Amino acid sequence: MANTTAAAPAGAAPQEGTRRDFLFLATGAGLAVGAGAVAWPFVSSMAPDAATIAAGAPIEVDLSPISDGQIINVFWRGKLIFVRKLTGKEITDMKAVPLADLADKATFDSRVKSGHDQWLVVYGNCTHLGCVPIGHQGNYEGWACPCHGSQFDAVGRVRRGPAPINLPIPPYAFQSDTKLRIGEEGGKAAA
Amino acid sequence: MSAHGNTYVPKSGIAKWFESRLPLVGLVHSSFVAFPVPRNLNYFWTFGAILIAFLGIQIITGVWLAMHYQPSATEAFDSVEHIMRDVNYGWLLRYAHANGASMFFVAVYVHIFRNLYYGSYKAPREVLYILGVVIYLLMMATAFLGYTLPWGQMSFWGATVITNILAAIPVVGDTIQSLLWGGYSVGNPTVNRFFSLHFLLPWMIAGVVVLHVWALHVTGQNNPAGIPIKSSKDAVPFTPYATVKDVFATVVFMILFAWFIFYQPNYLGHADNYIPANPAVTPAHIVPEWYFLPFYAILRAVPSKLGGVILMFSAVIILALAPWLDTSRVRSSNYRPIYRQFFWVFVGVCFLLGWLGAKPPEGGYVIAAQICTAYYFAHFLIVMPLCGLFETPTKLPGSILESVTGPGKQVSGAGMPAGAAAAPTTKG
């Protein structure tokens, strides 16, 4: 090599910060940053794509054909959502459940929108491993999961394990008394 | 043990020219022809060859199926039926691939239990053994991904349940789940990427298999006596002895495989998977394929979601720790009177867990699964360390030869020939 300054002469006392040290560190740092920069697009490309996100726009549900006690299935973002019209008895029973009986404590009022006591909107996949609980089964006027035996009550609160939490509530708002918009709450789009 | 040098001597001019540039033939010769094999190996040692055969069968049938399969949520199910009805011999390719996966797991379980019985995991074969556990994990991932591809009810709900298991991982679980789904739920992007990954993983398995075989040829094979090769009389050359035995055993195993393909092609599957995926309805009785049942039983034995997930993964990971959990220096259970009995209890518990995994998770089944899960871990964490400390092994034979012929007898057989010239292959 014509450039001899890079190598310290043999036998010389160890010298701090040679050009070789600098090149070693700069190369290492460049490689680490480069590897991260290259890995990022590969990982990011696996995230939900623009078309999938666009297809996840809010949906509208017409409530007028649903009769008392009926549960209907709707899909938003590929996820199953139960819309249930509670009967008067179910509302009374659910309001009477003491919080101490619940694994994931939630009042009746926190499960519905105020002024719309009759309507329950919850995700339709069991919070254990995602199976679909069957409606009007189990001991709590709600749902029973066929996979691992979890039971939910009429407002989707877990009453028997192994499901750890209540059926989650998707973002939704009432457009009118008979029209529901799922995927948006108070004019704010869901993340 | 790794004393086998390269004894290959190229004869023709072309062979000499090639060997001096890339000693490939020499490598194959030293690994699969002249390689010394313990002379006391039984048929349990043929399952490595059977497994390689099945890796090949799965890759070939899989590549052919991929020529006709459509990895999309709307077309996947129909394309599988198209393979079954319209493609020439499509039914054969698909049944061979589906049952091939089951046979692959039959063989790997025999291989693993053989390893555990004869103590093959002990020094100096720890790396060889851990590579085997890695292959097993990759096989499980590949089998799961493949089972989702027909996009029937079991495919869809299997994918849903397993990806929900991953979501139980603290902090990063939701991100991992979202990256696997490619959406907000199991759907079209999911089946598309699962197909891609299902195509990728077998090649990773093939790569680790190369390392596994390499490590095997560094340490040499264990054997039913569990003692190392001490002289050339303890060994025979790989070809023809092990080669012919391996091929023979593989052919016999293929009879079982063929019986499933031609007589019981759907016996190991689930009827529900002939119903197209429906995200609004879960099958009444959802169970994984038979080879995952013991782990499924462990998952459900714990009433907590995260706890069940941790135990299930631990049940596989703990296998990799066996070399350090087992304190006995005697490898073969043939010479371990106490441990041998625990070993068979462990085998029984594994089968029992498999049976419980197929039962509904209620009442006595859950309690039995909890007891079996506790015993499964106790075998590794209590039996393995303590047995080695308190057990008195019976007397080991002086050599592999002595274990075959009895003590003090001389043998007239050739054993391991001194050089390549003595290799029986050259005599046809």
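Positions of Cβ are set from backbone N, Cα and C atoms, glycine also.
What you are looking at is a predicted structure, and each value in this text was computed from that prediction instead of being measured.
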Segment assigned the feature transmembrane segment in TrEMBL (from B:6-30, B:156-180): B:156-180
Intrachain neighbours beyond the transmembrane segment (B:43-67), with Cβ under 8 angstroms and 6 or more residues off its ends: 83, 93-94, 96-97, 100-101, 103-104, 107-108, 110-111, 114, 118, 146, 195, 198-199, 202-203, 205-206, 209, 216, 221, 223, 242, 245-250, 253-254
Overall pLDDT of the domain 'Cytochrome b/b6 C-terminal region profile' (B:228-398), taken as the mean: 93
Listed in sequence order, residues with CB under 8 A of B:His198 (heme b b562 binding site) and six or more positions away: B:Gly62, B:Thr142, B:Leu145, B:Gly146, B:Leu149
Contacting positions for the transmembrane segment (B:364-390) when only residues 6+ beyond its ends and CB under 8 Å are counted: 297-298, 300-302, 311, 314-315, 318-319, 321-322, 325-329, 336, 338-339, 342, 345-346, 349-350, 352-353, 356-357
Rounded Cα-Cα span from B:His111 (heme b b566 binding site) to B:His97 (heme b b562 binding site), Å: 21
Candidate ranges B:92-112, B:156-180, B:200-220 - greatest C-beta contact count to the transmembrane segment (B:127-149) (under 8 angstroms): B:200-220
